[in-house]
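J.: According to TrEMBL, the record shows the following:
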type	residues	note
TRANSMEM	A:12-35	transmembrane segment
TRANSMEM	A:42-61	transmembrane segment
TRANSMEM	A:67-94	transmembrane segment
TRANSMEM	A:106-128	transmembrane segment
TRANSMEM	A:148-172	transmembrane segment
TRANSMEM	A:201-223	transmembrane segment
TRANSMEM	A:243-264	transmembrane segment
TRANSMEM	A:271-291	transmembrane segment
Amino acid sequence: MSYLGQQLVNGLTLGGVYALIALGYTLVYGVLQILNFAHGDVYMVGAFIGFFVMVGLGGPLKPSVPVAVMILIMFLVAMLGTGLLGIVIERFAYRPLRNSTRIAPLISALGVSILLQNAALLLFSANIRSYDTSSYISSTLGFSFADITIDGVRLFVLVLSIALMFGLARWVNGTQVGRAMRAIAYDRDAAVMMGIDVDKVIRWTFFVSAALAGAAGVMNGLLLRGVSNGMGLVPGLKGFTAAVVGGIGSIPGAMLGGLLLGVVESLAQGYLSTNFSDTITFALLIVVMLLKPNGLLGKRAIVKA
Amino acid sequence: MLKLSNVTMEFGALRSISELDLTVNEGEIVSVIGPNGAGKTTLFNVITGIYTPTSGSVELEGKSLVGLDPARVNHAGVARTFQNVRLFLNMSVIENVMSATYGHTRAGLFASALALPKSRKEEKAVRAKAEELLSFFGSRLTGYRWDQPAYSLSYANRRRLEIARALATEPKLLLLDEPAAGMNPKETQEITQVVERLRAEKGLTILIIEHDMHVVEGVSDRVVALDHGVKIAEGNFDHVATHPDVVEAYLGRGAADRK
Amino acid sequence: MSENQVPEEIQESAATEAAKLGIGTDEWVAQHEERIARKKGIKGLPQLINESIPAWARWGVLLLISFAFGAFVDNQYLLRIGVNLGLFVMLSYGLNIVMGYAGLLDLGYVAFYGIGAYGYALMSSEQIGHHWSTWLTVLIIIIGTALLGYIVSLPSRRLFGDYLAIVTLFFGQVFVQLVLASDNITFPWAEDYVDITAGANGIPGIDPFSFFGHKFLNIRDYYWLLLVLVALLTIAISRVNRTRIGRAWRTIREDALAAESMGVMVNRLKTMAFVTGAAIAGLAGAIFAAMQTAVFVSGFDMPLMTMIYAAVILGGSGSLAGAVMGAIVMSVLPEVLRVTNYSEILFLAVLVLTLAAVGKSVKRFTINIVGIALIGFLVKILLGAASIKTTPTKEWVVGPVSRALSHWMYVPLDRVLWGNCAFVILIVLIAYFTTTTPRIKSILLPVIGYLGIFLWEVRLVTDVNTTRQLLIGAMLVVLMITRPQGFLGKARVEVL
């Protein structure tokens, strides 16, 4: 029982990270109907920013500020940095293509992805970095509860990801920009005619989407996974899988999809095979897409003729 | 030839077509009229297999079309045009027509790759047939036009090309979705003649959606009026055009009362 | 008069022009599209070349050159480049069918290449101890990859563009991970683990091809084999493209719903495109494995995928000549970049050409060159005055160009750090450049030029692979914005 509980907690934590990435895909897809291929690499950049901020503040062992403050600063800087990166990517790689063919933004995004990966390779070298090799942070924050050992970092990541999701939901439903965003997702032409500043809303969408990926990147680092220039590909794929499984364009769908994916992957690793867990995730994607092409919470699209 | 009985099409809570019965006899030209949102195009989509009806049956010459994909419905003998003209814009005019012969030609991947005599012969025949079909509209779509991309055509010519493309599938029943929309009066008049000629020269049965009442009056043997997915009137043009329910559907209750 | 209104004289002249030509408005409108598409100057060059040389002449010359290359070149290294080019062309052809004709975005395409290579390796090496005949092995691979292509195509029946892209991308990743993980499989009924693929170690010692007792021991054998294969494929694919199946593929790319309503069996054709592409890639993979005599899974991952895509898109998706051109650029260019001497010259040539294209007039061009030269001297003098150490010339110089540049350019001691700074500044400046006013642009241009040379010489020249990928990435973005149809492709009209 405790093993299962452990796996579930791990899965939910991982799922929180996936959900944040998935939300980024879903937001952009909802507004522009493009698949932001570079999203996984934005996540990678976030992880790097978090790493360098941490090193700048003295590292996990000798931080110049309390650990909690350090982690807070890491998240803030990484989210701000990736958010701005998101705006820049939109401005230069997507905006010129807004009225182009369907395939062009996809290829352009592929280009951005390659650029980011190799820029990171050039700037940071191919070394795989780790946030906290001695697990210092997690060992100071851990506690156990009814046979399940919960390390503090995991719990923190889980809570923060859920908090970010709620923040996002509030932003989308409660603010002017969020409402404008939903209006554009529903009908862009009509939104333009109603006087909505589409450029501004799309900028915000990219900012928020990328900032969430940046937060996910820092979380990935805190969960003691390696940070390297190629780290974005697989989580990017899984984030997209989560978005699709939940129903792309749907915000609750992305959350559900992310958590589900994390749990499935964690259970697959725990009970079936460590090496083939990605294959199992892929199988899940295929099954969902064949059975429910619009995802678990997606709306059914009506073919127009 | 075409027989719809008790067809209902629902999208979630929205009922686009409700318990519709419709028969089109061989050699007949039947018009479907009705205000916007009456379910006319949905009706076409149901017949051509793009939608599967929620309930009811669609039969062509006694064979059911329900559940067939659009390609197989086409092979069964139903061809259509689209309200918003859906050509293969980046392909040449003649390729647009030639591509529609897919259903009744056979050359496969290897036959084409090896240029077997069989496939070459077929290709020649397809080309000749496409040229012949394009000449149906006089010289407008012939000669140098053959190899121009479809996007270079004027609006009216795109509509003509779409009809030629539909003919290339060798249909028995042709569905025309607002063939006169966006045309000028002269072109509209010509469309009336084209529809007549399609029946006379190609022996087609035609179901046509049209808003232009001159066209409807000019071509129809029979008119069916739809409103909110329900058939509200059927008969010859004069009968339907003056039917109080039709007038009401178009102009509102007051207008019908005044009449 | 409002801004949007067309001045009357222009309207009139348009009308008279049409009347003078004695053609209908329709015709005039048709030509108008072409007139807009036809660009003048350097930008119109690819199209001009494309239209002025007849197809048979182009292919004939290409065949002649390839033949001469195979017959007279003895250098093993050059022959190997030729073989790689042949493989690249095959891969581009296959992808061109899937993406260029049928319009299906298959990002897992390279996995079929890998499966072909691994399939051959497993059936012709000591890995699991089989040495089957080449005929049989190749046949199995073609059929096997085709079958797998069929399976991968199944989701394409339900999925469109982006969704399909991600599913296939995932498929490619699963292939890589399966190969990596399959060196250590434990079955419940067996005690020992089973090693199928040797994981990241790769499979060495693969048998070369052997037909009718003739072993392919020389690279040249593979060159001839590929030349014949590519020639046959060129003929076959262009024939298919012109006839029934090819037309149907293109109708799917144009408008799948309309195609289906016109009787085109969309699902069957999508599958056919996938299967054909997969089989071609599988065959290419088998040839690759036999030629290399060793396979490593890292060679079938994303970097190769992006290069194949770049090749097809650069040349012009949907055009065979474009696929060949793209393959030449993508497979020969890296070899050129590998030799620092050439890469320096190449870079300067590209820089000068870019300046010429951007500058538009001789005067501006001269100003830019002089500006770059001045900045170079200025930086060298200023940093020299601040007595910041430089790298001694003999440690840095890699070729004649850098020798000449060493008198002019400041070369920092910590080249990685300075190069990185230059890289970041350069990107920021280029981004700013594209959005700013012409006046600031003209000031920025020499600065960007200088930084470009600086970055190239101190950093990129020594880091070939990264440089190559950076260039591909930048090229994809720029190409999509400026010429999405590629160099030899036709401009497409799409209704959204």
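Cβ atoms are placed via backbone N, Cα and C, with glycine included.
It should be emphasised that the depicted structure is a prediction, and the values quoted were computed from it without experimental measurement.
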J.: With pairs closer than 6 in sequence left out, are the transmembrane segment (A:106-128) and the transmembrane segment (A:201-223) joined by 3 or more CB pairs under 8 Å?
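T.: Not in contact, no.
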J.: What else in the chain is close to the transmembrane segment (A:271-291), if you only count residues 6 or more beyond its ends and a Cβ gap under 8 Å?
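T.: 7, 234, 238, 241, 244-245, 261, 264-265.
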J.: Cβ pairs under 8 Å only, please: of the recorded stretches A:42-61, A:67-94, A:148-172, A:243-264, which one is richest in them relative to the transmembrane segment (A:12-35)?
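T.: Looking only at A:42-61, A:67-94, A:148-172, A:243-264, the most contacts with the transmembrane segment (A:12-35) come from A:243-264.
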J.: Who are the long-range neighbours of the transmembrane segment (A:42-61) in its own chain, taking Cβ under 8 Å and residues 6 or more past its ends?
T.: 21, 24, 67, 70, 73-75, 77-79, 81-82, 85-86, 89, 116-117, 120, 124, 129, 131-132, 134, 136-137, 210, 213-218, 220-222, 227-232, 235-236, 239
